[in-house]
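Engineer: Handing you a structure now.
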Amino acid sequence: MDVIAAQLVNGVSYGMLLFVITCGLSLVFGILGVLNLAHGSLYMIGAYVAYTMTSQWFENFWLALIVAPLVVAVLSLAIELILLRPTYHLGHLSQVLLTFGLAYVIHDVTSMIWGSDVLSIPLPPPLSETLHLWNQDFPAYRLFVVAAGVVLAFCLWFVQEKTRWGAIIRAGLSDKEMINALGVNIKLVFTAVFLAGGYLAGVGGVIASPILGLYPSMEFQTLILALVVLVVGGLGSIAGTFVASLVVGIVETFGRFLVPELSLFLVFGLMVVILICKPDGLLGKQVVRH
Amino acid sequence: MNKRMFISAAAILLLAAAPFLFSLFYLNLLAEILILAIFALSLNVLVGYTGLVSLGHAAFFGIGAYASALLSKEWSPQFLVTMLASLLIAAIAAAIIGLFCVRVNGFYFLMLTLAFSQMIYSFVHQSTTLTGGSNGLSGLPSPVFGTLDLSHPVFLYYVILLVFIVMYIVLSLMVKSPFGHVLIGIRENEMRMKAIGYNTTLYKYAAFIIAGAIGGVSGALYSTFNGFVSPNDVYWTMSGSVLIMVLIGGAGTMIGPVLGAAFIVVLETIVSSYTTMWTLIIGGVFILFVVFIPQGIVGFGRALTKPSANRLSFSRKAKALVKKEANQ
């Protein structure tokens, strides 16, 4: 029983990690209609920048958690302005291919800067302890990840549902032309959302790095898990992404615990089942047919 | 039409004469181009003709490569046997994966194909007993054709060339057949094809299986040609590279993917003697193509050689007409 509880906590924390990573992707996909295949790359840059900050500049994880995502956000602002904004007329598919080309470029640039060794960020001091709860030892950092995921989910929900910006974003999600006609600068919204998506990718990178480590090709492993979450949760729904992250996290963790060789297959199998039973995802809206 | 036949005949003759014209290095380069061209052509059935952008086509390339490697190692190095078996195995895999993938469209298709290919990659990577894990399989026996030993590069080249020509002709015929026209119809407007009464899902499924099977053949050729397979052949970079080949060459044309494969292989050979940053170069080149030459090399060439097709020359023509009228 205790073992199951421990695995459950691990699963939930892993799920929240997935949520932090995926929510930016989901947001960008929902509003811009562009599946950002460079999202994993932005995540990776966040992790590597945090690594440089904690190991060379200042040894403070929390400062890195604030600064590194901002660096990624500035980078994604540049990407939006230089690469995506002039190419909206090419259509979504071409833009997805652009982000794919970008993922290639970033892959080499990061390995040029940080090398191809496996790196890791030590756990920040107050959270490197273990907490003793219900006769079980829990790594405090995992509980922090859970808290971070819940707080982030709440913030996203609050912004989307309760603020003017959120209203614009929701309106943009359902009808871009109309919101444009109503006098909202939709291009500005796109830029802001892409910036936010990059910021969230950076946050995900920093939070995940003490657990998952840093290595070349980490971006695509992450991207693929994020895509699974996106498909399971459904398009453009933060709530769907949240639920899907939890489900995928728990399935993956229990899978790794019970049948180590098959854990990845379980996750993909889950995705396949969802796609067959509910093609629009757990909580997704009607998929916009291409 | 005659001109086109003449060009094809000349191209085939030139390719057939290649062993007498080029050194072994260039011959091997040409063989690699032909193999990857088959791979790109198979993906083109999906991307170019059916309008389904797959980011996991390396799955079938890898399945073909590993199937051929395992069969030649464990069973028989007979070229025809390993080829046909790889084709069959890749087709079966495509039939299973396609069952899920063709149910969805657009980005969902892209994501699903990517997910499935990563699934196969992780299997290949983890299963050390069957596939050799991250080391792959090496020391494959050289292929034999009947009693003829194909270990000589020139023989192998001719076999590859033969497979390439057969695949090119088969796919050309398929594209021009009513079946191919239905696929193009799906690319242009699936809803309308459905309304006419076509079971578009079935057609997409068939296209998926054909693409997978031919992708398997190219993978089998690749492992036979190299004498080894590694998990890299199944990795997303391979799927990405072949998609880039198709799009840079010109999706939806027959010659485009071949030119794209040649372009990428030649570029890689040139670049790799200067720098290891190959991924950076290919990514950058790809971005430039998507932004500036979205129709690919073929579309670009057509715009240059047939000036009546583009707007610029139209205005030039109009100007000439105006001048003519002014003179009269």
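Each residue, glycine too, has its Cβ placed from N, Cα and C.
No curator has checked TrEMBL annotations; they are predicted automatically.
This is the feature table in TrEMBL:
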TRANSMEM  B:6-27  transmembrane segment
TRANSMEM  B:34-67  transmembrane segment
TRANSMEM  B:79-100  transmembrane segment
TRANSMEM  B:107-124  transmembrane segment
TRANSMEM  B:155-175  transmembrane segment
TRANSMEM  B:202-222  transmembrane segment
TRANSMEM  B:242-266  transmembrane segment
TRANSMEM  B:278-298  transmembrane segment
Engineer: Under 8 Å between C-beta atoms and at least six residues away from its ends: which parts of the chain pack against the transmembrane segment (B:6-27)?
Structural biologist: 34, 153-154, 157-158, 161, 165
Engineer: Answer with yes or no whether the transmembrane segment (B:79-100) touches the transmembrane segment (B:242-266) by the criterion of at least three Cβ pairs under 8 A, sequence separation 6 or more.
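Structural biologist: Checked: the transmembrane segment (B:242-266) vs the transmembrane segment (B:79-100), no contact.
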Engineer: For the transmembrane segment (B:155-175), which recorded stretch in the set B:34-67, B:79-100, B:107-124, B:202-222 gives the largest number of Cβ pairs separated by under 8 Å?
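Structural biologist: Out of the listed stretches, B:34-67 contacts the transmembrane segment (B:155-175) most.
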Engineer: The transmembrane segment (B:202-222): which same-chain residues, six or more beyond its ends, come within Cβ distance under 8 Å?
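Structural biologist: Here the qualifying positions are 35-36, 38-39, 41-43, 45-46, 49-50, 52, 54, 57, 59-68, 82-83, 86-91, 93-95, 97-99, 101-102, 160, 163, 167, 171, 174, 179, 182-183, 186, 229, 233.
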Engineer: Give the nonlocal contacts of the transmembrane segment (B:107-124) in its own chain as ranges (CB under 8 Å, at least six residues past its ends).
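Structural biologist: For the transmembrane segment (B:107-124), the far contacts come to 52-59, 62-63, 66, 93, 97, 100-101, 131, 231, 234-236, 239.
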